Amino acid sequence: MPLLDSFTVDHTRMNAPAVRVAKTMQTPKGDTITVFDLRFTAPNKDILSEKGIHTLEHLYAGFMRNHLNGDSVEIIDISPMGCRTGFYMSLIGTPSEQQVADAWLASMEDVLKVESQNKIPELNEYQCGTAAMHSLEEAQQIAKNILAAGVSVNKNDELALPESMLKELRVD
């Protein structure tokens, strides 16, 4: 099985909250797709609550689009990581890590402005696969934590696992 890019970086050295360019690729028509690792918590040290990350999934995707989409950037998708330490964001364009960090912080401010659970978009059984698993309070606590900590940048070259270690860790 091929080694995915996200598994070539040392998760024990990742800062959080932090933005990282996880991957860039060119489409056949020449557009650049950039995938960002939006790391909310330090891997293997903390985890986002189920209800909190699920509610953020509903709120964050819209808020990030409001703050980052423009003439040269269009967000394709923002999805929570299975490890529940953050989100992956795929987009067309090449915004800087600082632009992404600024949009992230502005989005967290927006999360704090949501007044009640019934203001969460698509929170119903028709548009959400687990409509009962939400907590605006938990999502707002996550947002407060991000705003208090600020958002830094993780660089791939600083986190790259040595080839020898990748070979040693490989499961055949």
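Every residue gets a Cβ built from N, Cα and C, even glycine.
The annotation Fe cation binding site is assigned in Swiss-Prot to His54, His58, Cys128 on the grounds of sequence analysis. Around the Cβ of His58 (Fe cation binding site), a 10 Å sphere holds 18 further Cβ atoms from the protein chains shown. For the recorded site, His58 (Fe cation binding site), the DSSP three-state label reads helix.
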His54 (Fe cation binding site): tally of other CB atoms within 10 A of its CB: 23
